[in-house]
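Swiss-Prot has this to say about the protein:
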REGION    420-485  region 'Disordered'
COMPBIAS  432-450  compositional bias 'Gly residues'
DOMAIN    478-528  domain 'LysM 1'
REGION    538-559  region 'Disordered'
COMPBIAS  538-549  compositional bias 'Low complexity'
DOMAIN    564-614  domain 'LysM 2'
DOMAIN    648-698  domain 'LysM 3'
Amino acid sequence: MAQFNLYPGVPSDLLSTAFNISSGCLTALNATLSCDQDLFSMAGNADGFFWSDDNATALCTGACQSSAASWWNSCADACANDQLNAYGRIYPAQTVPGRFVDGLNIVCVTANTDLTLDVGINGTITNSTFLDNSTTASATSENLVSRQISSISQYCLVQSYDWVGSDIIRPDCTDPANSNSSQCVDPTDVPPENERLANLYPDDLLCSQCFLSMFYLRIASPFLPDVDHSDYLVDQWFDILDICNATSKVPDLLVRNLPYYQYAPGESDNWVDNTTYGFSDLQPLGGNGTTNVTCQARSINLADLNPPEIDYTTQTTCDVMAPFLNASTGDIWQMYQNPDCMPDFDYTEIPVVCLPFSCSVTQLNANTTCDQFVATLPAIGNNTITTTQFLSWNPNLIGICDNTTEQYVCTSAPGGTYISPPTNITTSSGDSRGGGDGSGTSTGSSGVGGSSRNSTLVAPGGTPPSPTQSGIPSTCDRYAQAQSGDGCDSFSQDFGITSQQLETWNPVLGSNGENCLTQFFAGYWYCVGLVGSATSTATTTTTSSTGVPTPSPVQSGIDPQCTKYSEAVSGDSCIAFASANNITPAQLYSWNPVLGSGGSNCGSDFWANEYYCVGAPDGSATTTTAPTSTAVATPSPIQSGIDPQCTKFAEAASGDSCPGFATKNGITATELYSWNPVLGAGGANCNSDFWANEYYCVGAPGS
C-alpha cells in the first residue's frame, strides 16, 4: 500500500528541536498518508511537473484523498499556534499540508468534482464522482483551429495541456492597415479587449466545466499570490461567469484577507518577537498627540488608561481591552506590538501610542469564515455589509478568512457607525447629473446604469449623513451616496467634480485613488463639495444685485440681474425645463452660461436638484456672459463668490501658488483672497480650492 510521510526517516525529537514547534504539531505534520510518496510530493508543486493520465489516476485514489483531508484537518488543530521559519519568513505551520492539498485538488479535479466538498474550499472531496469516460466537447473557432480539448483524460489538468491560447491578441503589424494601431506603435499599449480572456478562448471551451473548475480552484486558493496578475484573473473570472451564465456551476468566490508572511528575525518563548508580527518600531508620541510620527486616528495616552478589572480565570487581557478601547484585537496587537494586548515597553519612553478610530466590536469565534460571520451582521440602513467592507474595517485580522482565530473584530467602519439621517439637511433623490443635449433628451440617464442618485446638502459644521468613512474635511457641505456599480471615476463625473477632488476630499480612497477598488462602498456617503468649491455652495443664501435671494446649490456664471430661480428635477431636460418656466431655451442658456451656447453643455452640466435662473430683465436676455458693473466679460471656468466689481481676471497655471499668482499679477495676496472668497480668510483654502486652469479676479475698483 502506498504511503507518504512529510519527513520520512528523520527522528521526531530532532525535527521538533530544529523547527521549534510543538511535538503535537510535528506528529500531525509527519502523519502517514495513504498516498504514493513520489506523486504526493509532486502535488506540493503541481504546476512544476507534467502530469500524465496514469500519474493522476495513481495519485487520485479515494484513500489518498480521504487521508489528505484528515491530514489537513488534523494539522489545522494541532498546529494552530505553531510557526515555521523558512526562506527568511515566518509562516503558520498548517500551511504546509495546505499547499500539498491545494496541489492535490488541481491534479485531481474533473468535470464531475463537487467543488463545494473540496478540502481547500470547504471540507473534503472524498465523495466526488469520477466518470471513467467523461469528456469535454472540443472548442471550435475559425480563427482558433488549434484549440482542441483532449477527450482522453478525465482529469482537467491533463486536459488543459491541450488548451492552446494566447496571453493577448496581437494585431498583424506588418499589415499597412494596422500601421497606426496603438499596439503596433507601442506593444505595451494593449487595449482591454485584446487581453480579455473571453476573447482568447472559444465559448465552448471557456464555459466547459473543466475550464470553470480549474479556473475557480486557482483563484480560490488561499495561496493565490498578491500580485496584479491575480487581480486580473479575478476580474476575468466574473466576466466569464457572466458570459457563461455559470454562477450555478461553481461556488461563490470566497474573499480572503491575503496572508502576509513576516520576516523572521528569531523566536522566543513560543512567540516570535515583535518584528515577526510586522510591528514597526514604536516612536515616542508627544503627550498632546502631536508627534514625530503622524497619528491619523486616535492618540492613546497610556498613563490615562483605566481599564476594567480582569478576571484571569475566565478572561484574557485581549478580551477586556478590545471592548474597552472599541478596537479590534488585531489593532490592539499592532498598537502595543504585543499579542498579549498589553505594553511591554517603558511608559516614560513611549507615553502615547496610535490606535484607529473607534468602532463597534463583536467577538468572532474560532474556525468561522469571514463570509459566514459577515452574513450574521445586520445591514447598515438598507445596505448589507460585504466581506470586502469587513476586511477593510479589520486590516489587522488575526488569521485568514477561512481559518480565523477567536478575537474581537470591528463590525462598523472605524470612526463612525450608522445613525438616522439628521433633520437639519435637505435630501433629494433622483439623478445628480441631468441629461439632455439641448434637443429635449430626458435627464436621468447619466447615473450608473441609469439608476437614481442621492445627494445631500449639509450646513457647514453640521452632521453629515451616515455611514461615511473617516478623514472627510469638516468644511464638506455636499455629500453623495455611492451605489452598486459605481466606480471612483464614474461617481466623480456624475457629481461634476474631478477624480482628484473626490480623492482629496475623501482621503480613505488614497491620494491617487489607489484604494478605490477596496475602500469605495455602495451605500456610503462621500464628500462631493466643500464650502466655496466650484461644485458646491454653502447653504446660506446670497443676494443678487436685484435683491432676490440666491438659492443653493447653483452653478457659476448666473446672470447677476436674475429675478427668479427654479430647481431642476430628475427627468428634466433643458428644453422641458425652459418650457415649464415659461421662458425660451435661448433665455435659459443666456442667463445660465454654464449650459453653453445653444445648450451645448446640457448633456453634462444640467443637473437635477440645482437651481437655474429663469427670470431676468429684458436687457440681459441676449447676454451670454454675466457682465460686471465695469462691462468686463466674465471668463470661464471660475469659482463662486468672486467680487462682482472685478475688472480683471487671470488664469492660474499648473504649479502656481496663491502668493506667487498674486505677485505675478501685480496684486497682494490679501487682495487676491478678498476678491476671491473661495480661497478663504488669509488664503486658508489655497491648498484645496486654488486650481490650475481656473480664472480668478486680479483687479477691482480701487486696486
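The backbone N, Cα and C atoms fix where each Cβ goes, and this holds for glycine too.
A quick note: this is a predicted structure, and the numbers were derived from the prediction, not measured.
In the domain 'LysM 1' (478-528), helix, strand and coil residues by DSSP number 21 helix, 8 strand, 22 coil. Taking DSSP states H, G and I as helix and E and B as strand, the domain 'LysM 2' (564-614) has 24 helix, 8 strand, 19 coil. In the domain 'LysM 3' (648-698), the DSSP tally of helix, strand and coil residues is 24 helix, 8 strand, 19 coil.
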